[in-house]
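Participant: According to Swiss-Prot, the protein has these features:
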BINDING   29-57, ARG99, ASN138  NAD(+) binding site
BINDING   ARG106, ASN138, ARG169, THR248  substrate binding site
ACT_SITE  HIS193  active site, proton acceptor
Amino acid sequence: MSLKEKLIVNVHKEEQPHAHNKITVVGVGAVGMACAISILMKDLADELALVDVIEDKLKGEMLDLQHGSLFLRTPKIVSGKDYAVTAHSKLVIITAGARQQEGESRLNLVQRNVNIFKFIIPNVVKYSPDCKLLVVSNPVDILTYVAWKISGFPKHRVIGSGCNLDSARFRHLMAEKLGIHPLSCHGWIVGEHGDSSVPVWSGVNVAGVSLKGLHPDMGTDGDKENWKQVHKQVVDSAYEVIKLKGYTSWAIGLSVADLAETIMKNLRRVHPVSTMVKGMHGINDDVFLSVPCVLGYSGITDVVKMTLKSEEEDKLRKSADTLWGIQKELQF
């Protein structure tokens, strides 16, 4: 009789059930692991699967997380190069992809990542045909489109992390200027994640008080207080962090866990995430851009119709045209 048999009497033979709330993270670089730890610390999954092509790094990251099991409430952490470990995932988060090389054009980076996605997406779909896909790899709006095209999923199940982080950075910087918590500063950044994102100044408020109502010059070039600089800082923030520490990780990891929480718990919170915007704001192509979306267990269920100024809509359409210009050149 083994020690285990002396200690424990089995009263019910359990057939191995599937996890109910399984999450997979594809790519165990700095961003993937920041997503993983943030998800673990929010207790969002009963099983976490990690996938990557670099097997030693992958196993090391899995072991390192497993060694923290006592301090976590996720009973199963698995990893593998083979996508079989991802089977029955409810949410699959894609952070894998090539990093931009110095002097490399965005279009070139896109094509390299399309080739990586051509391998990843069919494997994800094979083992988790009903999952939601959350794309984080950059350029996120184009790669969300790519994931949608390759997966054959309905558009509500393919979500780009989009401007969720841009909006969080915006609220943080605004809050610092005003001396209050970011949760109490409301403001939205929409459109393309990154350089051509669009701050919706008309909607910025604290306690329902419109800041543009109090300070009509807000966000314009003639503004004495230079609030436009806040949006510029949002755009520059990733470049600044990359220059200082080599990459960004913690904020995007927390932002992704925030989205994962809304999806896994069916919270129906509204987030600025990348979705198919054809037919909205005068956009006529199959492009993905961030707009305020209601998120829940089935993915994106609704989109909030924003009231945008004509110049804001122009910026959105310009982004859409740029993205479509790149997308139509892609080889699938």
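Even glycines carry a Cβ here, placed using N, Cα and C.
Tell me about the setting of these features in this model.
Facilitator: For ALA45 (NAD(+) binding site), the same-chain residues that are 6 or more apart in sequence and have a Cβ closer than 8 Å to its Cβ are ALA19, ASN21, LYS22, ILE23, ILE39, THR74, MET264. Taken residue by residue with DSSP, ALA45 (NAD(+) binding site) is part of neither helix nor strand, so it is coil.
Around the Cβ of THR248 (substrate binding site), the number of neighbouring Cβ atoms within 10 Å comes to 19.
In sequence order, ASN138, PRO139, VAL140, ASP141, GLY160, SER161, GLY162, CYS163, LEU165, ASP166, SER274, SER290 are the residues of the chain that are 6 or more apart from HIS193 (active site, proton acceptor) and have a CB within less than 8 Å of its CB.
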Participant: Using a Cβ cut-off under 8 Å and a sequence separation of 6 or more, which residues in the same chain sit near MET33 (NAD(+) binding site)?
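Facilitator: Spatial neighbours, sequence-distant, of MET33 (NAD(+) binding site): GLU61, SER249, GLY253.
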Participant: At a 10 A cut-off on CB-CB distances, which of the binding-site residues ILE37, MET41, ALA49, VAL53 has the highest count?
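Facilitator: For the binding-site residues ILE37, MET41, ALA49, VAL53, the Cβ with the most other Cβ atoms within 10 Å is ALA49.
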Participant: In the structure shown, which of the binding-site residues LYS57, ARG169 has the fewest Cβ neighbours within 10 Å?
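Facilitator: Ranked by other Cβ atoms within 10 Å, the binding-site residues LYS57, ARG169 bottom out at LYS57.
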